[in-house]
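Chemist: Quick paste from Swiss-Prot:
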type	residues	note
TOPO_DOM	1-16	topological domain 'Cytoplasmic'
TRANSMEM	17-30	transmembrane segment
TOPO_DOM	31-41	topological domain 'Periplasmic'
TRANSMEM	42-58	transmembrane segment
BINDING	Asp45, Asp49, His153, Asp157	Cd(2+) binding site
BINDING	Asp45, Asp49, His153, Asp157	Zn(2+) 1 binding site
TOPO_DOM	59-81	topological domain 'Cytoplasmic'
BINDING	Asp68, His71, His75	Zn(2+) 2 binding site
TRANSMEM	82-103	transmembrane segment
TOPO_DOM	104-117	topological domain 'Periplasmic'
TRANSMEM	118-136	transmembrane segment
TOPO_DOM	137-147	topological domain 'Cytoplasmic'
TRANSMEM	148-158	transmembrane segment
TOPO_DOM	159-178	topological domain 'Periplasmic'
TRANSMEM	179-198	transmembrane segment
TOPO_DOM	199-300	topological domain 'Cytoplasmic'
BINDING	His232, His248, Asp285	Zn(2+) 3 binding site
BINDING	His261, His283, Asp285	Zn(2+) 4 binding site
Amino acid sequence: MNQSYGRLVSRAAIAATAMASLLLLIKIFAWWYTGSVSILAALVDSLVDIGASLTNLLVVRYSLQPADDNHSFGHGKAESLAALAQSMFISGSALFLFLTGIQHLISPTPMTDPGVGVIVTIVALICTIILVSFQRWVVRRTQSQAVRADMLHYQSDVMMNGAILLALGLSWYGWHRADALFALGIGIYILYSALRMGYEAVQSLLDRALPDEERQEIIDIVTSWPGVSGAHDLRTRQSGPTRFIQIHLEMEDSLPLVQAHMVADQVEQAILRRFPGSDVIIHQDPCSVVPREGKRSMLS
């Protein structure tokens, strides 16, 4: 695992924690001043943000540790656990927002000064957009599942802040139930994001194969290599930033062992150039021992 990956992922986790802490302080003041249930929803979400981002920071630091005697494949699965924990945090906040929205829908409470809430929400929206942009850049560079989960969370915050702005504007003109209605909508959207995030984390923990596009690239690299007659039994998974790739190469029976080994090494290096940092295992099979009827599509 290269130092650039660790540095970028750690910075993203620290930035998210710092931003969530700043926004929490701002929203506490705004809620105290306006009494807006939508801002209360945002405040609770910021509390969850801090818990989730702190968890993310600690788990990311652990996942960056190199492989050891007890963890031969490294600690990358900790990122999936962080994403799963975040989905639980977010689901809890969504339930709270939903129940609070129902309560205020039944008994709406006028806000004292929606203007303050509008200003605070605009500030929160700008800060969150900046954070999400940075996280998206980090995800493009690292493919970190933990940072991607955090980014999805803060993307829902952008949607939420936009909805809060609209709710505050409507409440300003006397539509007091709009505040509660938007809180309900925000809660439903956050719950959807949490379920999607949890599903992706569970799939990673269950060693889901790499995407079809990446597996097809591996097949294309292998089958186009001189000296390789075919390939089968492609198996892939991902743990943190590391892709694990196993494949059997089919070679002519007459090919000397040393030459077969050299071809396998060349194929491995070609795969690593396309997917740096991967753990690649290649097995060489003589064509005569590969039952033709037993060959299956490697994408099946």
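A Cβ is built for glycine as well, from the same backbone N, Cα and C atoms used for every other residue.
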Chemist: Any contact between the transmembrane segment (17-30) and the transmembrane segment (118-136)? By contact I mean 3+ C-beta pairs closer than 8 Å, pairs at least 6 apart along the chain.
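Modeler: With 3 or more qualifying Cβ pairs, these stretches touch.
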Chemist: Please identify, from the binding-site residues His232, His261, the residue with the sparsest Cβ neighbourhood, meaning fewest other Cβ atoms within 10 angstroms.
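Modeler: Least crowded of the binding-site residues His232, His261, by Cβ count within 10 Å, is His261.
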Chemist: Using DSSP, what's the helix, strand and coil tally for the topological domain 'Cytoplasmic' (1-16)?
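Modeler: Summed by class, the stretch gives 14 helix, 0 strand, 2 coil.
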Chemist: For the recorded Cd(2+) site formed by Asp45, Asp49, His153, Asp157, which further same-chain residues have Cβ atoms within 8 Å of the site's Cβ center?
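Modeler: Result: Ala20, Ser46, Val48, Ala52, Ile90, Ser93, Thr128, Tyr154, Ser156, Met160, Ile190.
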Chemist: Looking at the binding-site residues Asp49, Asp68, His153, His232, His248, whose Cα is closest in space to that of His261 (Zn(2+) 4 binding site)?
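Modeler: With Cα distances computed to His261 (Zn(2+) 4 binding site), the winner among Asp49, Asp68, His153, His232, His248 is His248.
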Chemist: For the transmembrane segment (148-158), which stretch among 82-103, 118-136, 179-198 has the most Cβ pairs under 8 A?
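Modeler: Highest pair count goes to 118-136.
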Chemist: Whole-number Å distance between the CA of Asp68 (Zn(2+) 2 binding site) and the CA of Asp49 (Cd(2+) binding site)?
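Modeler: One finds 32 Å between the Cα atoms of these residues.
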